[in-house]
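K.L.:
Quick one: the structure is below, and I'll ask about it shortly.
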């Protein structure tokens with residue numbers, strides 16, 4: 001899925017683990033500050049149910065605190081401002097030159113030689129050249145005694161004071177010198193002279209000490225090793241003309257070949273926006289990402305089987321109202337001790353988790369539309385309910401490492417960051433690190449406490465696409481309704497009864513489902529025939545829908561034998577307004 005989330009938390013070893021968890025799902029390396037983005041406003045923390053009941057009706061009119069909706073910039077080159085269009089053209093030129101020179105796949109150049117080392121090398125080479133002028137028959141280095149033999153103690157015999165034997169007899173230490181190899185003889189004058197080859201002699205000097213048994217330094221010798229480095233002569237004009245230049249290399253990233261079509265512009269704009277349209281920095285980041293992907297083995301990673309243990313933690317589900325895919329991150333799953341141990345207990349398991357997270361992100365990105373008018377970003381929903389506490393060291397290590405990789409190699413892939421079921425301490429932590437974020441980054445953040453979770457999600461995602469555990473109507477398994485069946489929303493005023501009517505033609509089966517956001521309401525259903533002499537049929541007696549109920553979605557059906565209508569009644573006896581979501585359909589009877 002940036003410096004976009006909790007970069008400051010990653011840099012601090014004292015940052016809470018849950019803050020680091022969020023970083024795992026943030027595939028951003030963004031540093032652009034948008035002047036149009038509004039400042040993030042943090043939601044007030046939710047009070048206990050008793051306190052909520054005492055809140056005045058006027059306070060219910062307040063809207064959910066949220067950041068200003070982030071407006072994505074256009075990826076159509078013709079619609080860009082002139083400075084951005086110029087930056088894109090310059091970056092494309094740099095990329096083309098790099099492709100022509102095969103710079104993306106070329107090995108890194110050796111580090112430059114320091115000035116001091118360069119001078120030392122030149123001096124050594126000059127010394128070698130002077131020595132090479134001497135006749136080869138003479139030894140390059142003579143081994144001489146530099147330290148005389150130590151004086152004998154008075155108690156030693158007189159023979160110990162005699163001078164050492166002559167070198168011709170038996171030297172104390174043999175010092176052998178590598179012979180120099182004579183250069184090859186020049187070519188005959190009759191033949192065409194060969195191109196001049198430059199010979200560089202590199203001399204390595206090492207001092208060796210010959211020490212006798214009592215530790216006395218006897219001889220110091222200098223060994224010289226001459227290595228000839230031959231540079232080939234440059235090719236002639238005829239050879240250059242005969243050899244055509246190699247074709248430009250082909251480099252793809254996220255399945256998009258660079259400079260192949262207009263999709264490449266969308267990719268390059270991500271790097272430019274991540275580096276505030278500084279062309280050289282964006283180009284350097286692009287080369288770094290290409291190198292990292294090759295080193296990490298991204299293409300082979302896509303085919304690896306890394307298990308399904310994390311499928312309940314991170315998963316894609318539906319799209320938002322603008323068509324962005326939505327990625328849910330449920331950190332409360334790590335309260336399962338077995339799952340936590342299998343994910344973070346040692347380096348090998350943390351590495352597997354990291355590879356799984358990168359693999360999941362890569363597969364999600366491959367499904368995006370990189371055309372200029374397409375959707376190429378993701379909405380992240382981060383559920384902090386029951387997330388591990390701030391002292392999970394293993395989790396912090398894994399998430400910080402993932403954060404670093406994601407922010408360095410996945411720029412501009414998040415359209416919105418929605419944090420739900422946010423505990424009070426997380427908001428306090430966010431306020432502390434808020435100054436470290438750019439205005440552009442803060443404009444993507446939305447926070448909501450437990451009682452505001454569903455209402456906040458509905459602002460960005462249609463209720464029929466929000467998972468049932470977050471207040472929506474989307475759930476697994478075969479259901480009467482699908483994500484294509486739209487949902488109607490209505491407000492139930494405080495201390496009032498609200499009715500919803502479904503028309504029911506003759507000989508049909510009417511099915512419906514409803515859900516109240518906020519609960520604490522009484523629900524009932526009945527069939528009212530169209531004929532005045534008909535009898536009303538009670539489908540569901542009035543019953544209370546409490547906040548702790550295990551039945552989040554109200555489902556019902558009624559087989560109609562005559563024309564009429566089904567009436568749902570919602571009695572809100574609290575001083576707070578509620579929101580009801582519902583939909584229905586008619587199934588023609590086969591009889």
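Each Cβ is built from the backbone N, Cα and C atoms, and glycine gets one as well.
Predicted automatically and left uncurated, TrEMBL annotations should be read as such.
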K.L.:
When TrEMBL marks a stretch as region 'Disordered', which of 210-229, 230-249, 250-269 is it?
P.N.:
230-249
K.L.:
DSSP says what for the domain 'GOLD' (484-586): how many helix, strand, coil residues?
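P.N.:
Split by secondary structure, the domain 'GOLD' (484-586) comes out as 0 helix, 67 strand, 36 coil.
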K.L.:
Restricting to the domain 'GOLD' (484-586), what is the model's mean pLDDT?
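P.N.:
Summing pLDDT over the domain 'GOLD' (484-586) and dividing by its length gives 89.
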